[in-house]
Amino acid sequence: MSNNSQSMSFNAGQAKGQTQEKASNLMDKASNAAQSAKESLQEGGQQLKQKAQGASEAIKEKTGLNK
């Protein structure tokens, strides 16, 4: 293999490795963003559930159904 051919092969290998690393980093970022969104939704859901339970208790007290 000539020096030029070896150099081209080496450069192609480097480019492939860099592309794989960038893709891996992008996938990590996407995964982190998805996890963050999931946690935010779960937190919002918990807050909504607590508000609904509070409203339900208030209605029970006003109507006398909690006795």
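Note that Cβ sites are derived from N, Cα and C of the backbone, with glycine treated the same way.
The model shown is predicted, which means the values in this text are computed figures rather than measured ones.
These features come from TrEMBL:
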type: COMPBIAS; residues: 1-23; note: compositional bias 'Polar residues'
type: COMPBIAS; residues: 42-56; note: compositional bias 'Low complexity'
type: COMPBIAS; residues: 58-67; note: compositional bias 'Basic and acidic residues'
type: REGION; residues: 1-67; note: region 'Disordered'
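Within the chain carrying the compositional bias 'Polar residues' (1-23), a Cβ under 8 angstroms from the stretch's Cβ atoms is held by none of the residues 6 or more beyond its ends.
Per DSSP, the compositional bias 'Polar residues' (1-23) is made up of 21 helix, 0 strand, 2 coil.
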